Amino acid sequence: MIPGNRMLMVILLSQVLLGGTNYASLIPDTGKKKVAADIQGGGRRSPQSNELLRDFEVTLLQMFGLRKRPQPSKDVVVPAYMRDLYRLQSAEEEDELHDISMEYPETPTSRANTVRSFHHEEHLENLPGTEENGNFRFVFNLSSIPENEVISSAELRLYREQIDHGPAWDEGFHRINIYEVMKPITANGHMINRLLDTRVIHHNVTQWESFDVSPAIMRWTLDKQINHGLAIEVIHLNQTKTYQGKHVRISRSLLPQKDADWSQMRPLLITFSHDGRGHALTRRSKRSPKQQRPRKKNKHCRRHSLYVDFSDVGWNDWIVAPPGYQAFYCHGDCPFPLADHLNSTNHAIVQTLVNSVNSSIPKACCVPTELSAISMLYLDEYDKVVLKNYQEMVVEGCGCR
């Protein structure tokens, strides 16, 4: 990408995304002139311009709640659950969602604006006390969750496959128990566990099972208790061990297929949290495009198209979806007298009236009057997959203020 274009996109992003906040004044006039001169000069930037660009990228990353620019590993796998959740959250057309079997989790998302996914630390599977008597212990590293985020709920998702040639129907029931590990090893060599959730399932269905592990995750994150992990126990109710646990994908060793299958079938911990900013992840309905009358050289205040392509700022390697979005912007005159369609305030009307007789008083400005949110699916600095709701990212209406 041309360096000048990249700089221009960063400045446009800062103006559009941060406009209307105190950040808008972070670009001094001298800096604007310097950047413009560099762009017009063929794209070669001075050290001062490079520093300015870095400062703006840092500002934008802070707005996204990131300490530094993510540098994702090529081995990172985005769980299908997170992709499907993003698609459901982003209000895609119904006919485009036919391949999604899951239902939108209305209750967990109603109290959260952030969803994070975690895989267990596989290198800890061989530690003492990790597997005993059919119990599998899983340790999840939750250190990437910011301290300002409050966990509202959490679930452990396990994938299970149908057994085609299993036992008779009345012998095909299993119980799955999920425990919080209180002590990994005691004096007698056993784990001390606390039951979190349990369910009886039958082997004739292939699907994901979700278990509530909120109490444990809240203790680890809010109460700062030691995280010894979770334990999973699969019990055949008829004590038949031939198929016991083989269809529940809780360990790579139980999966005869390729590693590519394991990456999408392995246990998945999902946390729902809120950072205190903005609204929860309420599922949005698809908006109908606004019909605007064609205007001939209309210079009045109105909304204009502005598509932000994340590849233009080099962020497409860590932003999974969307590839970009229509941000829009407001531009145009606020002439006297202000017409009703210019969505003006009483103060703007008075200011425009005074300007008509005293030019030292500025006119009312064309600014966003209504903004909406977008959802972003991305990889954070720790290679964790995050779905987050960002407020005031799209201009829905303009007016003279």
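Just so you know, glycine gets a Cβ as well, placed from its N, Cα and C.
According to Swiss-Prot, the protein has these features:
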- 1-19: signal peptide (SIGNAL)
- Asn141: N-linked glycosylation site (CARBOHYD)
- Asn204: N-linked glycosylation site (CARBOHYD)
- Asn238: N-linked glycosylation site (CARBOHYD)
- 279-299: region 'Disordered' (REGION)
- 280-299: compositional bias 'Basic residues' (COMPBIAS)
- Cys301-Cys366: disulfide bond (DISULFID)
- Cys330-Cys398: disulfide bond (DISULFID)
- Cys334-Cys400: disulfide bond (DISULFID)
- Asn343: N-linked glycosylation site (CARBOHYD)
- Asn358: N-linked glycosylation site (CARBOHYD)
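Sequence features annotated in Swiss-Prot and their locations in the structure.
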{"residue": "Asn141", "record": "N-linked glycosylation site", "DSSP (3 states)": "coil"}
{"residue": "Asn238", "record": "N-linked glycosylation site", "DSSP (3 states)": "coil"}
{"residue": "Cys301", "record": "disulfide bond", "DSSP (3 states)": "coil"}
{"residue": "Cys330", "record": "disulfide bond", "DSSP (3 states)": "strand"}
{"residue": "Asn343", "record": "N-linked glycosylation site", "DSSP (3 states)": "coil"}
{"residue": "Asn358", "record": "N-linked glycosylation site", "DSSP (3 states)": "coil"}
{"residue": "Cys366", "record": "disulfide bond", "DSSP (3 states)": "strand"}
{"residue": "Cys398", "record": "disulfide bond", "DSSP (3 states)": "strand"}
Densest Cβ neighbourhood among Cys301, Cys330, Cys398 (disulfide-bonded residues), 10 Å radius: Cys301
Whole-number Å value for how far Cys301 (disulfide bond) lies from Asn141 (N-linked glycosylation site) (Cα to Cα): 50
Integer Cα-Cα distance in angstrom, Cys301 (disulfide bond) to Cys334 (disulfide bond): 6
C-alpha spacing of Asn204 (N-linked glycosylation site) relative to Cys330 (disulfide bond), in angstrom: 57
Asn238 (N-linked glycosylation site) versus Asn204 (N-linked glycosylation site) - Cα distance in angstrom: 16
Cα proximity to Cys334 (disulfide bond), best match among recorded positions Asn343, Cys366, Cys398: Cys366
Residue among glycosylation sites Asn204, Asn238, Asn343 with least C-beta crowding, 10 angstrom cut-off: Asn204
Candidates Asn141, Asn358: member of the glycosylation sites with the richest Cβ shell (10 Å): Asn141
Nonlocal neighbours by CB distance (under 8 Å) for Cys400 (disulfide bond), same chain, sequence gap 6 or more: Cys301, Cys334, Leu338, Leu342, Asn343, Ser344, Thr345, Ala348, Thr352, Ala364, Cys365, Cys366, Val367
Surrounding CB atoms that lie within 10 Å of the CB of Cys366 (disulfide bond), all protein chains: 22
Local backbone state of Asn204 (N-linked glycosylation site), from DSSP in three classes: coil
Number of other Cβ atoms within 10 Å of the Cβ of Cys334 (disulfide bond) across all protein chains: 24
